Structures are given as structure tokens and as C-alpha cells.
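Enquirer: Before I ask anything, here is the structure I am working with.
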Amino acid sequence: MTTLSLVMSEMTWIRRDTRTGRRQRDGTNNNNNNNNSSCSILTYLPYLAINSSSLSITAFTVERFIGICYPYRARTMCTVKRAKLIIFIIWVFSLIYHLPWMFLASVTVDSQGRFCDFKLERDQWQYKVLYLGDFSAFYVIPMFLNVVIYAKIAITLSQCGDKLKQSVKPRGAKEQVHNTLIVEARECHVTGRRSSAKGRNQVVKMLALVVLIFAICWLPYRAMVVYNSFAKIQWRPEWYVNLSKTLIYINCAINPILYNLMSAGFRRAFLSLFNAKPLTTYQCMFL
């Protein structure tokens, strides 16, 4: 469910940036279509997409943390109803929080034509606080939180692996002779636990990779925005802007591929869309 929220965020960015790129390509960036309304919306959507993506990634990271570190609690916490509520909260918060961006942008006219610009000047402290706060709240803090959580998950899985190895070792020859059936039953149980642990490891690796790719692909764009918020002279060469946008597109396009390759649960959910058979259960394990 949280994956759906992430996909919605990525599609929001693609839809906005595709429209902007098409207008620039067709040479329509300086006509009457570039009015205050479109300027506000095209300023609002990128921040909505970027930050809702960050919140969605953090949400399923916390979800995976609960599923692995607190499996019994996850049985009652990881439900479809709760997942829908989390997604609803993320998007309502994002829609409301980013509303000020719609009022901070307007069309400016100069000798070169009409273009969309911010009402706040870069040397104003409000401008710096706004950008730095956005960068910290929706990139630095979530990425730090994700690193801490995945470190905790790795430690928990490592400890579970050690306990699993110990449970395989026989306690003595006498027990093997007189309790053959018990040993065989225990081995079957261990095999099931190994399979479950392997599935958990795959999901954790996939989610950690999603977080890593998100951090890498968005860093150039984020860094450029923060730098230009404090530098006296703006630095935004065309090659760097194109590189930043390309990395963002790669991030949006590669996630479904990762889900399909590394998550059996995602494959089943995806196939159910074509079979018109809704999933009857929801688990933290499978996003």
C-alpha cells in the first residue's frame, strides 16, 4: 500500500516535468500560457512529489522495521485499513503543507520575456529558512532515520540467523536415537523458518536499495537547490540540470523493476490486477 503512495508521488513529478519540458522544447515557455495559475501549480507539484516520496519511503521503512523487529505486534498493526490511513495522512499533510508554494511563485516580466519566479528574494532570510527547512525535514532527517532503522533491522536479522543456526545443532547422540521423529519435525520447522528468513532478507534488501537509489538520484537536484539558496551567484549549468532530471527519471522508472525482481508479494499483487482477483490479506512483509 505504501508502495502505491510512492508510485503516485513519482507519477506526479513525471507529469509535471514532462509538461514543463514539452513547453520548453516547443518554445512556448514565454507565451500567455505561462500565467500566474500555471506558474503556481508547476511550482507546487515538484515539492509535493519530492516530499511525499520521502514520506512514503520512510513509512514503508518503519513498516518493515515493525514487521521484523516486532513480528507479534505487526499482526495487529500491519493491516489494510491502517495502511490506507497512513497513505491518507501522508497525502493530506503533503497537500496542506506545500500550499504556501502556490503563493510564493508568480510570473515575472523583463526584457527577455515572461518567466516563472519566486516572490521572495534569495537574500531574504525567509527564503533561506524555507529551503533549508525543506531540505532538512524531507531529505536529511528521513535519510538519517532510514539508515538507523536498516542498521537495527540488520542487527535483528543477524541475531535471528545465529539463533537459527544454534537450533539446527543436535543436543546429543542419545536424543538423535530415541527422538528421531522429534528431530525430523524440528528440522521441518527450521526449514520453514529459513524460507521465511530468506523472504524477509529479500524484502529488506529491496527496500534498502530503494532508499539508497532515492538518496543518490535526488541528491544532485537537492544540492543544487540548497546551494543556489545561499550562493550570491546562481549555479545551474544546463548539463547539470539535465543530469539531475535524468537521475530523477531513473529513480521513478527503476523502482517497479526492483519490486518485481526482488519481491514475490509485489509480483502476486501485480498479477492480481490482471486476474481481477483482489488480495485478501495484507502483510508488512510484502509492502
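Cβ atoms here come from the backbone N, Cα and C positions, even for glycine.
OK, TrEMBL features for this one:
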DOMAIN    1-259  domain 'G-protein coupled receptors family 1 profile'
TRANSMEM  85-109  transmembrane segment
TRANSMEM  129-149  transmembrane segment
TRANSMEM  203-221  transmembrane segment
TRANSMEM  241-262  transmembrane segment
Enquirer: Which of 85-109, 203-221, 241-262 has the most Cβ pairs closer than 8 Å to the transmembrane segment (129-149)?
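Expert: Ranked by Cβ pairs under 8 Å, first place goes to 203-221.
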Enquirer: Could you please provide the mean pLDDT value for the domain 'G-protein coupled receptors family 1 profile' (1-259)?
Expert: 74
